[in-house]
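Q: Sending over a structure as structure tokens; questions will come in a sec.
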Amino acid sequence: MTAPDSPDLTPETPEEDTGARVLVWLTIVAAIAGAITGLVGGAFRWLLIRADHLRADLIDWTHHHGPAAWLIPVVISAAAALIAALITRWEPRASGSGIQHVEAVERGEAAPPPPAVIPARFVGGLLAIGVGGMVLGREGPTVHMGAAIGALTGRVCRATMREIRVLQTTLSGAGLAVAFNAPISGTLFCIEEIAKTVKVRYVLWTMAAVAAGTVCSRLIVGNHPDFVVPQVNSVALSSLPVFVVFGVVVGLLGVVYNWLIRACLSGFAAIGRVPGPVKAAIIGAVIGAVLTVDPDLGGGGDDLTQNILSGQHLAFWAIVMLLAIRFVAGPVSYSAGTPGGIFAPMLALGAMTGLIASRLIDLVSPGYGHELLLPLMIVGMSSFFTAVVRAPFTGAVLVMEMTSTTSVAVSVLAAGAATMIVAELLRSPPIYDDLRERMLRQWKGHEAEGV
């Protein structure tokens, strides 16, 4: 495995600043790249949906054919994780989420992603998440594929290095929009989390890319919210303190989850004698064994989230078990180094936390927890995201777009503020800052070893 190319740190010159003509031209380029991202990301998402259904059918089949059949999901998950890890040997940038690489490029710490990232992310992500059932999200690969498409389009159009970097950043927003059918969130994510600045070209190019990408992806996966929820009434002002306290609790859980991701990465990295693909295969086998118990214990968790948002009744301890297992399985899956993100699994954890909180409130005040059920689940999703990623506006808007619900906006913001304070007080680092620094250290280590 070779270390990725060193970044081009040539400073931007005044001539590279975009004039009106260049601004219009590159807006068109961004829209074209966005359309390509929409088609690629839409196909990726469609295949993942089909794979999820096939995996659930397979597990159901094994339950009717005796203990020996239970080995089939174990073998399939192990093989899928192994092949996905081998793909990252061929293209190291395809490992993990990919969002940290996009941020490193934007900061001038890494070179823009090469075209090889696109097939590596597509195939590797499909294997790890869809076939293997790893507890990973589709957004990481989709964001990174969007960034790679943006960089490739910029190179084809002979854009400057700075313009290529901006294109890869803005197309990452299109990738997120495509992953979750959330165009406003994709735009906000690009500005709040990746660029961390507001400039005309960022906003304009991101809007063009996101709009084109969303339209094209909807041609493949349809135009509907990610999660269909019943009508949610506005939360009474008297209930806001409940959501503030809930935000504190979710903040604590998010800090622990953040730590667990980092601890698992460090722990598995310390096992130096075992090759990476072998580690991935072992983790895949464990996930496969867990899947034989319940398909909802694996994958990104979209079906699980939709079911509980739709009101599917689950016993209290069943919810606790699902939360506990997925809480650990997510960081362990990410430590395998296969392509996959962390957003979608976090949303499922947040929804389950809200469901548990509702049940506990009902014990104290019968009926009150049920009244707050949907708002608590929606707020739990946004707050968990905020606690780990530390992008509160993106988290709030993303969940409201995904559920097509704005009536809980005040509760989402109040809980998000409490969550941010908890994460700050406990000095929990934004997860992508830590992942970016780990990635850069790893690359420098490979360069020093001459690998």
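Cβ atoms are placed via backbone N, Cα and C, with glycine included.
Dumping what TrEMBL says about this protein:
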- 22-48: transmembrane segment (TRANSMEM)
- 68-87: transmembrane segment (TRANSMEM)
- 116-136: transmembrane segment (TRANSMEM)
- 202-220: transmembrane segment (TRANSMEM)
- 240-260: transmembrane segment (TRANSMEM)
- 314-336: transmembrane segment (TRANSMEM)
- 342-361: transmembrane segment (TRANSMEM)
- 373-393: transmembrane segment (TRANSMEM)
- 405-426: transmembrane segment (TRANSMEM)
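Surface or core, plus neighbours and distances: that's what I need for these features.
A: Only residues 6 or more beyond the boundaries of the transmembrane segment (68-87), in the same chain, are considered here, and those with a CB under 8 A from a CB of the stretch are 55, 58-59, 61-62, 94, 120, 123-125, 127-128, 131-134, 276-285, 287-289, 291-292, 298, 336-339.
Listed as Cβ neighbours of the transmembrane segment (240-260) (distance under 8 Å, sequence separation of 6 or more from its ends, same chain) are residues 327-328, 330-331, 346, 349-350, 353-354, 357, 361, 372, 375-376, 379-380, 383-384, 386-388, 410-411, 414-423, 426, 428-429, 431.
If one looks beyond the transmembrane segment (342-361) by at least 6 residues along the same chain, the residues whose Cβ comes under 8 Å of a Cβ in the stretch are 97, 135-140, 179-180, 242, 246, 249-250, 253-254, 257, 261, 300-302, 304-305, 308-309, 314, 316, 319-320, 322-323, 326-327, 330, 334, 368-370, 372-373, 375-385, 388-389, 399, 402, 431.
Listed by sequence, the residues of this chain that lie at least six past the ends of the transmembrane segment (373-393) yet keep a Cβ under 8 A from its Cβ atoms are 188-189, 192-193, 229-230, 232, 235, 243, 246-247, 250-251, 253-255, 257-258, 261, 305, 308-309, 342-343, 346-347, 349-355, 357-358, 399-400, 402-403, 405, 408, 411-412, 415-420, 422-423, 428, 430-432.
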Q: Counting only residues 6+ away from its ends, which parts of the chain sit with a Cβ under 8 Å from the transmembrane segment (314-336)?
A: 81, 84-85, 96-97, 128, 134-136, 257, 260-261, 263-265, 267-268, 279-280, 283-284, 286-287, 290, 294, 296-298, 301, 304, 308, 342, 345-346, 348-349, 352-353, 355-356, 359
Q: Cβ under 8 Å, sequence separation of at least 6 from the ends of the transmembrane segment (202-220): give me the contacting residues as numbers and ranges.
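A: Same-chain contacts beyond the ends: 23, 26-28, 30-39, 41-43, 45-46, 146, 150, 166-167, 169-171, 173-175, 177-178, 181, 183, 186-187, 190-191, 195.
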Q: Other than its close neighbours in sequence, what residues sit by the transmembrane segment (405-426), given a CB gap under 8 Å and a spacing of at least six beyond its ends?
A: 229, 232-235, 239-240, 243-248, 250-252, 254-255, 258, 374-375, 378-379, 382-383, 386-387, 390, 392, 395-396, 399
